[in-house]
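Everything on this sheet refers to the single structure shown next.
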């Protein structure tokens, strides 16, 4: 275990200011401080590091220059595309130097900006789409305060006007006065409701891009930030070009203090605004290479190194990495000739060392010689929890997280530090599922490092393997800096070997390597190693292991985990293949390569190996014998390693990890196992490996603690491994404030080894010197069935379930619900394109292709939905497809949801939607195969729609309704059976089409300590399984279509007339000739059928569909004439008389007549409605005010007499509800003409609520009303929402 001052492992010490400051940015632990002190010129100079992360703020403390005065950050790139803006729209400036922005704003261009072509590319973006959730929340809070002040002022003024009216009119009899008071009250109500429904979508950025004759430049207009009056004007923005050209950045406003960088792609058609998606990336960059001239103790590990910021965290996904971001980052790292990559990202994986990203990483490492360092993961303390790619990829150096006593005292400010350094409790452990060690080395896993300026602080504490990785990466940068300066060939192979063979072990047991890898890296010793081995060939020794007689699977180590494999000897074939870099020469490097290898085993009694091996370029096989039969229960770790006989100082050239987790059998019945008097100190981990009995499906565990006074925090993990599945992990964090007991339950799979890892958190109880005593009792329960996942097919037949308790008496109490509906869709469109070379040309020279699939779906009601793509979902690193991304939008192009490999549920209003799915790869054939990819839309059912299935003892139960089954007691060895009935047709949720699938969960057992109502929800029971019902085709209505041939038969003349009208309606009116032909036919038909209302209604409809020509007033007068002809053709007295009568629904003739009269009424109402709208349009065109605050008497002096409009409006009110969404616009205009703007707004808001998706015209009308009423804060609020509801185009992928 590391000890002594050199590595920060101090037993008794006091911090002073300098040691405290040094502890904030740990370097002593990996000997980086003494290395730089001894070699100040090797502080990272000459080294370029790519930071694959959430983005780096170039304005953050310590990230401006290197120790030798060079620019610290060479480039800042958004690889995710989340900051992309479509700037393909080109505009020209008017005589005043103004251009129209995409947001609709008028922008003044700075006259000093050079633009030889005069072409300005414009686009816009809501700034919150660029910000983190934390920054957005801060801004929203600040902006809400300002908005509330303005809204309160408006409310106060509205209440004042209402009070003045009430004082003036103590008694109101007049109807008009009542309406005036109602209007004033509506204003007050509207403002108060607006405060409740306030939802800030953020300021809008208008972006302008142009070519100044030398480079592309961009400027931003941020006036909508409302930071300070007059601030944020486009002309005042200092233009930026691609960061790598001038290395300049800007901020949006003083309020957000967020640094932004721009990059321009595709000939000015795409502007990328780069902001970070979390403080994580800046923190990582600071650990790696920050330089503080005045505070050298706070320097990063390699202050002389330069950085490339590659943002892989997508702001649209809360900083989740995407395949697009990862691939573009690799492209950028190669393009910038980086020496190292640090990636502090990762997650679980299905297959280790597999996937598209892994393939590309292998190419970058093996061909371009980049050294790739990555975090091992934060999913410990259980074994086999390393994440991808850092802990599972052979070509990546995976780093675990170490904490020293100095870090504990300084960085974490603990009252008392632990006596020795140790791995953080949460640091992920190996081995991988294929036996590789998983963790390569360890480094300091916490730091107080720089963070972005928008956090309003210079630095903050973070810990994780995300911090240990850049600490190690900075250490490697020191090494590479020295190698370059001394002319030593730099290779990821030789550097890795130097790190592994010079690290200091953490812990004294062989199995501690699964936690910390080869140990805590030491820069100075690694430097001595590379100096000594400068003439040794750069070789990576690839190890492939197969169990003898089994060609598959091939693994990278030996992992004996299950009981059967631990009870017998096994023979393994190991192939060691030397791998050279791709530029290695055949004659001078490959042919001469020959090494005499001496093989060693760290446990010869268990792992036997040959003594020697002659290794050449083509590799060599040898066999191992593993005999675990005499081992005790628990964890055992061994290594087989090879030494160069001629140069043993090189240390192990390759290692074959051998991990054996011999499980303890549970022999008692009922199956119960107890572990008594387990002693815990801070950081201690107890691992219990148990052979889960066959038939067990869940565990009930009780943990009892004693022996302490202060609170104790424990991590409790349970892990099982099954082929071609991610490790099955259950985890809990339990805090015991005093000695007590807690119970846990979790699912298990019988027949597989379970590791139960219990760890006292590394800092919990430090300083109290009390040993925590834990008693653990584990009881296995299980109900086995013949069907784990049940499918109810499209019939009334139930499904039989055989249930059996193999271990102990169990209560069988099945419960099942169907709470989701899953509908399949195929794409309606597929577009394949080649992406631009600037960002998407692979290091191999291949061009990336993109496939966009479009799906359409409709929701009859508002619902919570989730798209699912079974082929692609839930896999990033272990996926051979490069990338996937989807967007859900409505017909107005408003985006409601975005997602990638992990789809999220989204609440959508009713309406029709497009889902666009974006797939990327360089292989066209793969993408061609995806053109008909099936996608599912999964909709959550409302509680009232959820179906609770019934159970029966008889196969006829679902039909006969008898023989219901509720519960039973299962006796071991005795099977019982029951039937699961399908849902009855009347219980099927509405809008569930045939071919869709209802899905839910079914469970069979209940916890022994469960509360009574838990069992009603199967997903709250210890273990549940999927159950689904395939919805049958919709029943054909046999009566449909009958009676379509009425006893009333049209005459030949009527048939001919209707045919002529149909021809008129089908005529196009796009050109003057087409309009003339339409007009000629309409005149002829009017002469033939002068008073036929349906014809006149069609003529009116045709006129309304025509585009306005130059003489708009004449066109509108034609509309009014046509509307009057419709109105005059209707016998309103007869219509009114008929509509007041009741008809018998059984009378077919009466029903037909009723339908005809209702159609006539609708045609009359439509004519009145269009006439009213057109009267107002004519008034507006003639230059008269359409709306005014003057009273009705003043309006009566207008050219269009108010009594004419009023007369028309009153007539419309006789026939329809003018408050409805269909005719409400006229009511809004009516109220507006009379100055009752509050009432007009109320009516308009009600209409908007009914419209899905909303119509732009309604919101434009709302904006004009708000402008007229003088509520400027609402005008600006609604204008921002207009960009959300009606964007100019869909965002870029």
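Positions of Cβ are set from backbone N, Cα and C atoms, glycine also.
Listed ranges 108-154, 155-201, 202-248; the one TrEMBL annotates as coiled coil is 155-201.
Cα-Cα distance from residue 53 (active site, charge relay system) to residue 280 (active site, charge relay system): 7 Å (rounded to the nearest whole number). By number of Cβ pairs under 8 Å, the domain 'Tripeptidyl-peptidase II galactose-binding' (680-764) is matched best by 44-511 from the list 44-511, 554-660, 807-992. All protein chains considered, the CB of residue 53 (active site, charge relay system) has 30 other CB atoms within 10 Å. Residue 280 (active site, charge relay system) and residue 466 (active site, charge relay system) have their C-alpha atoms 8 Å apart, to the nearest angstrom.
Annotation for residue 466 (active site, charge relay system): same-chain Cβ neighbours under 8 Å, separated by at least 6 residues, are 280, 284, 344, 345, 375, 378.
Model confidence over the coiled coil (155-201) stands at 90, taken as the mean pLDDT rounded to a whole number. Across the domain 'Tripeptidyl-peptidase II galactose-binding' (680-764), DSSP helix (H, G, I), strand (E, B) and coil residues number 0 helix, 50 strand, 35 coil.
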